[in-house]
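Novice: Pasting a structure here, questions to come.
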């Protein structure tokens, strides 16, 4: 809401000024900028929308509501005059049709807003709004009359379309080609719930007036979106108009002349830029001491005619990117957490200037760097090294390659007009990365420096001094404190929280605290970036993204060339005749049961059994069996549609438009069952016509993942064709269509279900004229015949110590050895992590074993005591038994004697009783 407050106080020069008289209110006149527009402005907005502005239709929640306007999802502004039907309440779910206009202060403005009717009544009443009475609602003594939410017949339709058009937002096929908009940035989102709401209404109306209940929770799939530019990425120069055409939301400075794309010659198609080497750059915290600067930041004789800047790349390396892609492919059965996209892992180290993220670099100094930067290319390299050392603390003098990435030209006004040139280099930062031994030594040094302040807890400092890195610290704490495996993990997390964060496990270059690391996704795709980004950073991020698009697209092109073509065998006439005869016989046999079923009544017709796969039985066709049909005709058989609750067959008969997304005739939606609950598993069940023996390299998987912005797992045919057409190798539309058909099934390429392995590229056996498309057929340009080919030199032989050395071959060999070394280092690092984990588990198991052994000794002692007690009790028992037997033996004669005495006493009593009577 801060942006709306700023809008009231200081309207931007590009903001829209609403005209017309404002309706008075009890609170006074409304804000002038937020006055409802008149009819003429609405018609102008409609003309703007027809002129190519971006639109999107989505469902959102009303997060803010005021007297004259509201906000949906804290980013889409809507006037209350565009609300159709009942006014929404705060927190309600609404259907929004919004338009994007970068010239306004608030770029996203709603054109239509409608409250959804399939949501429960809100507990809290709506806030009192002053415009309720003005909109025609009658008020009584107790206030406004309450309205029921569930009144769908009173709400006018927002998009009057046929019912079938609502089903095109399938969860299995998101056919919203959101990348067709030329402006860079978020391309909108498609409403995923409208078709399901319509579906559930129809089912419950047919079911006989069942109460409207809550829908079952289900897994919402991300919308389909690709990273793709709508133009060919081979233009060597971009002027002011070209930049505005490519990037409409970019603010170009007024003194800008042109930018030369030097990366086209530095990284041709035959030698693309490689992400194989990991180059991690980390910004140190404010507490750590910054490294000393090597030179003064601004020399006295600096000349703005030439400036040198560097693009410091921070990348995890190709192995880490492969690992994320393989995690995505391996989680097909049980999708868990979505891995991070490559665009979010590729980052750039930028400096700060007046709260703005800028490139690292500065102006040329003749006294420090050299005299002639135009003749000597090392002059600007020295400038870049000096400025990078002063601004970031990173010494780039150890970099072996300096690629000229782009060259900006500005016009300095004044009586002597001057041309200012800014050269941007891309150095190989991975060559100055510390080795594992150096990194471990640095971590030990930092651990030793951090140990003295933490002397209050001696039990915690001992493992810190002994451990060389964070893993050994965790192992020592687990040995000391853990008693069971579960307690081990809990105590490790508890003890790590109050301590200082451990150093990263992977080697990295440490930069000064004033710098910032921004990902490529955050610069290009983020609508509301946290950092203010300069013009040059935005352009370079777009150019770097276009370079990656060309390189990954070329990998897809080479992969398609290596795959065999699909052979479609036409049906034989003899088999067709035999199939016709069999079907005629079947029709005659089936006629009699059908007649009997019709006599029984219409109830039996609706009880026809379904097949085992859940599909209705198809009527017999005269074209032969289904297996013998070509795939092109198979899509035509999906034209049937049954609106049964257990079946939904969708088909597109022509181009329809919903939410700014066009559907093509060739794009047929897949089959879904289970009461129209579209699931992603139906995509995996599609037939795969790719040769099972064709195993693709991992770089093809990475290329597919790069274009798939939201990890949907598939790419559309149209997007694959456009990827090939934007490479700059001048392919025709028919060539692209034939190549794409090798991996496409039903207009979709399910790259997630293909087979991949760690092997080299597939362009080894392909001829050169095929690799460069149709460039050899076109007339040569002014500079070179093949722009994609590497510039040819006279000879790569250099005389050294009396012998000729092939420098190109040596460089290639060194590159191969470096790649092998990196792979082995990654494997060793992985094994070290596994070994350390096993060591931690072993230590925890040792502690558990010791605890169990102590418990066992205690139990043994208690068992011995119990046995001794049992023996004592047994002895006492036997003794008592003997005493009882002896007492019994002695008491028996005494008992007999007492019995005799009693009998005698009784006899005497009987004798004495009759005497007194005489």
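Even glycines carry a Cβ here, placed using N, Cα and C.
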Novice: Pick from 97-137, 138-178, 179-219: which range does Swiss-Prot record as region 'Disordered'?
Specialist: 179-219
Novice: Looking at 1-35, 36-70, which one does Swiss-Prot call region 'Disordered'?
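Specialist: Matching range for region 'Disordered': 1-35.
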Novice: Take the Cβ of residue 112 (N6-acetyllysine) and count every other Cβ within 10 Å, whichever protein chain it belongs to.
Specialist: 16
Novice: What is the pLDDT of the coiled coil (824-904) when averaged and given as a whole number?
Specialist: 93
Novice: When a 10 Å sphere is centred on the Cβ of residue 892 (phosphothreonine), how many other Cβ atoms does it contain?
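Specialist: Taking all protein chains shown, residue 892 (phosphothreonine) has 10 Cβ neighbours within 10 Å.
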Novice: Work out how many Å separate residue 892 (phosphothreonine) and residue 112 (N6-acetyllysine) at their Cα atoms, rounded off.
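Specialist: Taking the Cα atoms only, residue 892 (phosphothreonine) lies 113 Å from residue 112 (N6-acetyllysine).
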